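*Asks:* According to TrEMBL, the record shows the following:
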- 655-674: compositional bias 'Basic residues' (COMPBIAS)
- 675-686: compositional bias 'Polar residues' (COMPBIAS)
- 691-700: compositional bias 'Acidic residues' (COMPBIAS)
- 725-734: compositional bias 'Basic and acidic residues' (COMPBIAS)
- 749-815: domain 'SAM' (DOMAIN)
- 633-734: region 'Disordered' (REGION)
- 11-111: repeat 'MBT' (REPEAT)
- 119-223: repeat 'MBT' (REPEAT)
- 233-340: repeat 'MBT' (REPEAT)
- 348-445: repeat 'MBT' (REPEAT)
Amino acid sequence: DAGSSVEEMEFNWDEYLEDTGATAAPHGSFKHVDTSLQNGFAPGMKLEVAVKSDQNTYWVATIITTCGQLLLLRYDGYGEDRKADFWCDIMTADLHPIGWCEQNKKILKVPEGIKDKIPDQEEFLQRALKGACSAPANLLEGLHRGKNPLDLIAPGSRLELQNFRDSLEAWIVNVVENVGGRLKLRYEGLEDCDKFDQWIFYLDPFLHQVGWAAQHGYSLQPPLAIRSLKSEADWQEILKKVKEEEEESSVPTDLFKDKPVIGVHSFSEGMKLEAVDPGAPFVISPATVLKVYNDKYFMVEIDDLRPERTTSQSYICHVNSAGIFPVQWSLKNGLPLSPPPGYPGQDFDWADYLKQCGAEAAPQSCFPLLTSDHGFKENMKLEAVNPVDPEEVCIATVTKLKDSYLWLQLEGSKKPVPDCIVSVESMNIFPVGWCETNGYQLRPPRKAIVNKQKKIAVVQPEKQILSSRTVHDGLKNQELNSSDSVVINGKYCCPKIYFNHRCFSGPYLNKGRIAELPQSVGPGNCVLVLKEVLTLLINAAYKPSRVLRELQLDEEAAWHGHGETLKAKYKGKSYRATVEVVRTADRVADFCRKTCIKLECCPNLFGPQMVLDKCSENCSVLTKTKYTHYYGKRKNKRIGRPPGGHSNLEVAMKKPNKRRKRRKHFFVHKKKRSSTSVDNTPAGSPQGSGGEEEDDQDESELSHSLAQDRDKRKRKLRTFSFSDDENKPPSPKDIKMEAAEKLHLDSNPLEWSVADVVRFLKSTDCAPLARIFLDQEIDGQALLLLTLPTVQECMDLKLGPAIKLCHHIERVKLAFYQQFAN
């Protein structure tokens, strides 16, 4: 408004959550959003894929996970081995449903990598395809290829909408706008009139594809509210036109396969109940079953005893409709019941009221069982539709919970509204970030003025966002490796992240707390999902501050992702650090794996892959010392401070009832060990390579003066320390003895394949590292280019194993020069 003093500014959910001290409702609690992100393909489906090494042959592959129009595939025959998983773009890759090769006389041939595992191809295919579910042919071929099913509901599409206010008749509606599955609908025949527009999520039980009414015996009639706007002849002409254009504007029927199924009810006319009017869901009121249409639908009317009333609040319900409760439900849950208008007296009593009306209460058996297993908690934040003005989506706070119902306080609405009562399964509530992801305006809170002094601007290099068209042009006839970075249409793209509780949890994370984490987080916006995952991991640590320090962004590292501020609490102090997360789904699996390696836990502890029985890393049989020797992160061995003199980890002393801007901040420096120090902490201890002394040392360093900082920066000791014998580099004596053993090569290493490199490594004492070479597809030419810094940087190896590996690489180089250089 022109006279408003509220400052217009860009709303930031992260800052808002930090300022209010609130948490976001978990993404997994919004099942309708979860469903809307599915692309029609599901993990476990099978298809026929062109073999990368021979484009004229095909092989059966299984979908591991999906992300927009990208599929992560694994050729059948690799079992649980994920090393050969690859990404495909549905629009460009040569993908077909099961049976396509046979119909089109194409060759099915086992890929080279698993040829030795499948001696009998016919028998294997017969076994693998028994009871298998093929990927849908219509999503791999034709006009719908590569499209998200939800995007097929485009502006101009036609649907049928049941009238849920006064009858069961349906009428044609046009899609005006599609916002992440939330549809703005306009009745057919009212092209220039938006007064009667409605916003409905595409999975709503009252919304159907064109032709539904005729199939189920319901008439097509415009609602009473608009019927008088045109003559009966005009409406019939409109209906005739719609039937002629039905094929052009209809949407695929399988789009509605995930809609909730309406069950059979057992209500009778005249029964009394408690209800919330969906048009004004602010109070619970006595209500009556006014009419029963059939075994699926009935009409409920909010009771009004005033003789002069001219309108009624009635609406159509089914057995799973939200907001209908048995008599006395509000009393049993300590909630107020609003007496009917015109009710004599102040105190409402159900027994007296039933006697006065001569009615019976609807029995408990008529109502579905309510659940409290939904993930919502008081003070959680989310985004919710304003029931008074459905155009508005507002910030919402959960103020109260009862069974399957939430009381939401909406912030920033144009006109203030009381707390709304909504079901946890409502399709008018959304996770934090939903509006931003779908390009819709979220109503910011009224008090949006921010203290400019606390804002810190960080200038980062521009990041190029690829459009869907750019992706297609760049990837024509190519498959995507898991390292390719792609953004598809700016949609939610992060798959579910699973916590695999059986995997090795490492020295930092508490196994018991890990077991208490939810089975999965997401899907959703990559940054938000990964931030939630890392926060859960930090809180599951023996020392949250220590894990936060391990995760914090290395100032010397190249910036590849998005910086997020995470918090940890330990010993009464609050810590903050900037942590790097990735923005796109194709980098999520690699990010999760590298983060696991940073924390010295199994690379499969969390990620988009669910570990069912046996972990592919076989982590259960490894000891902690042996495990971290090969998979542990590489420590920063330099003594002294990183450039700039400070770590980016901040610690804030707790001061109750103070705003964050008033806290006194300190910088905590990473602890460096001297060259003479030896870590004697047992490998199996909860702290692993940490220990109480290290955190205490962190706290004691808070008061370092700038002069001491300058002194320390002047010292550049190039010494190293080792935590156990396994991590020590080989002694010169050992290296001299091994170097004496001259290596003779049977073939030129320049011509070695990845398999040849792996075979060579398995013949050495670095056999456990062969898996890394296989994962990174290092062939002979790449092997000869490896150096110690490259090995440490790219493979995240500790110094000891890295030197041992480089020793073998140098032996190969020497043999190459002696045998093949000429």
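Count begins at 1; order follows the chain as displayed.
The backbone N, Cα and C atoms fix where each Cβ goes, glycine too.
A TrEMBL annotation is a machine prediction, not a hand-curated record.
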*Asks:* Could you tell me the mean pLDDT over the domain 'SAM' (749-815), as a whole number?
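*Replies:* Computed over the domain 'SAM' (749-815), the mean pLDDT is 86 on the 0 to 100 scale.
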*Asks:* Which listed range (11-111, 119-223, 233-340) shows the maximal number of Cβ pairs under 8 Å with respect to the repeat 'MBT' (348-445)?
*Replies:* 233-340
*Asks:* Tally of helix, strand and coil residues over the repeat 'MBT' (348-445) according to DSSP?
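*Replies:* For that range the per-state counts are 15 helix, 31 strand, 52 coil.
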*Asks:* Mind checking how the repeat 'MBT' (11-111) divides into helix, strand and coil residues in DSSP?
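*Replies:* Secondary-structure composition of the repeat 'MBT' (11-111): 21 helix, 35 strand, 45 coil.
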